[in-house]
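Per TrEMBL, these features apply:
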TRANSMEM  16-35  transmembrane segment
TRANSMEM  55-74  transmembrane segment
TRANSMEM  86-109  transmembrane segment
TRANSMEM  130-151  transmembrane segment
TRANSMEM  163-183  transmembrane segment
TRANSMEM  195-216  transmembrane segment
TRANSMEM  241-260  transmembrane segment
TRANSMEM  281-304  transmembrane segment
TRANSMEM  341-364  transmembrane segment
TRANSMEM  384-404  transmembrane segment
TRANSMEM  410-435  transmembrane segment
TRANSMEM  442-463  transmembrane segment
């Protein structure tokens, strides 16, 4: 793996036992709900948990659904590399959860929907509903494969943990409990996995802070290294992170996730009452702030340990996402069991995301693509078909993980697709709710043009980064940098000779580039 042997042998028997216990407990919860209560005999119970869930499990499930392993690995390395500016994303959470609680939830709940896309047919037409559903399926199928594969690859690179063993164990256990236990099992496993996620991150922060000499020392080192960022009100959209891109732009991210995404709306709809659904949305706010703060703290503790001498610069790891795992193994190496707890935390993030994906995909396929186009079927048959769909999407997820393994550096683009599709779908629902004069033709044209625009910017910026210069791209795991230096900014910097030192500092921290370039005066460019 190109890493020192020291860092490939950290996993003890205790660590493997903890990892296996996570999978066994998750499967156990699924089996419990498969054989208790109504035994998942109706689509209402299988897809919507009989609309009987209380506030606490729903709110923790809402939190866990998009707190994937990708985010657990991405946030600390972002803070380590670029400072705490990313924390200002937390400012967007207030509006980003207040608007869904008082606008989207009442609309969806009072219409007694099973799928959010039923709203699009009621408001526009059947064709808009089908287009929305197909777009969502495309978004989630690509996303779930990468979310499963990326952390397994990072773990394999740093610890030698068996790659396909981890992917298959996770995929099959997740498919099992989702297909057997329905939404109730998904929500309660999310609760368990959220607790594991908190415990894993907390263990690393406490041990790392203690080893660094206390929280005051961590803060002092971060300040000396210019990692503590103030409020940046620069309106330049090309700036990497500012209050406007995070605090204001983040609101739209939150609306796309917590307002109209089927995986989240399904949890609101499973609540006992509309009031419980709104309260669970409110409860996500402090939890999200805690998650963000923990990510920031882990990044600062990493900086206190390594300073500017990052494991990436020294060649111990090959990408940012591996850096967090390297740090965890480094900090916890003498404490058997704790590396296993963090790995369980990491895979809890992946499990909670993909189980929600399976369940929401089964729901929209059943409600939007099958039920309206086939003869009425018995409840037992419809439930069996829903279970088969959940099972089928589980196998599709494993196939997507395999495809992700062949993608190499295109992994970043696959993750970006989630954001590219989320925006236009949010726009479609907002058009229906806020513009009474809009019709179905306008909705379809808006959705298609929104998707074309988003893909043009997203894929275009990715391709231009790939071929921006003669800098060789390393074919390693690339979980999403929580933001990227834009091509425009790179071009501006590269054409100026006095910026050589600044460039070296920037590129040495970027997982995609090796420092194999020099300045060619005749052409005024770096090669």
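If you go along the chain as it appears here, the first residue is 1 and each next one adds 1.
Every residue, even glycine, has its Cβ placed from backbone N, Cα and C.
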Based on Cβ pairs under 8 Å, which of the stretches 55-74, 86-109, 130-151, 163-183 lies most in contact with the transmembrane segment (195-216)?
55-74
Is the transmembrane segment (130-151) close to the transmembrane segment (442-463), in the sense of at least 3 CB pairs under 8 angstroms with a sequence gap of 6 or more?
yes
Near the transmembrane segment (130-151), which residues from the same chain, at least 6 beyond its ends, have a CB less than 8 A from one of its CBs?
68-70, 72-73, 115-117, 120, 167, 170-171, 262-263, 321, 346-347, 349-350, 353-354, 357-358, 360-361, 364-365, 368-369, 393, 396-405, 411, 414-415, 417-418, 421-422, 424-425, 428, 444, 447, 451, 477-479
Result, the transmembrane segment (86-109) in contact with the transmembrane segment (341-364) (3+ CB pairs under 8 Å):
no
Relative to the transmembrane segment (384-404), which of 16-35, 55-74, 86-109, 163-183, 241-260 accounts for the most Cβ pairs at distances under 8 Å?
163-183
Could you pull out which residues elsewhere in the chain have a CB under 8 Å from any CB of the transmembrane segment (86-109), counting only those six or more residues past its ends?
75, 78-79, 116, 119, 229, 231-232, 241, 243, 246-251, 253-255, 258-260, 265, 268-269, 271, 274, 277-278, 281-282, 284-285, 288-289, 292-293, 296, 429, 433, 482-483
Considering only Cβ pairs under 8 Å, which range in 16-35, 55-74, 163-183 makes the most contacts with the transmembrane segment (281-304)?
55-74
Using a Cβ cut-off of under 8 Å, list the residues of the same chain at least 6 residues beyond the transmembrane segment (163-183) that approach it.
23, 26-27, 29-34, 40, 45-49, 148-149, 152-153, 155-156, 189, 266, 270, 347, 350-351, 354-355, 358-359, 387-388, 390-391, 394-395, 397-398, 401
Contact set, same chain, for the transmembrane segment (16-35): CB under 8 Å, 6 or more residues outside the stretch:
169-170, 173-174, 176-178, 180-182, 184-185, 188-189, 192-193, 196, 337, 340-341, 343-344, 347-348, 351
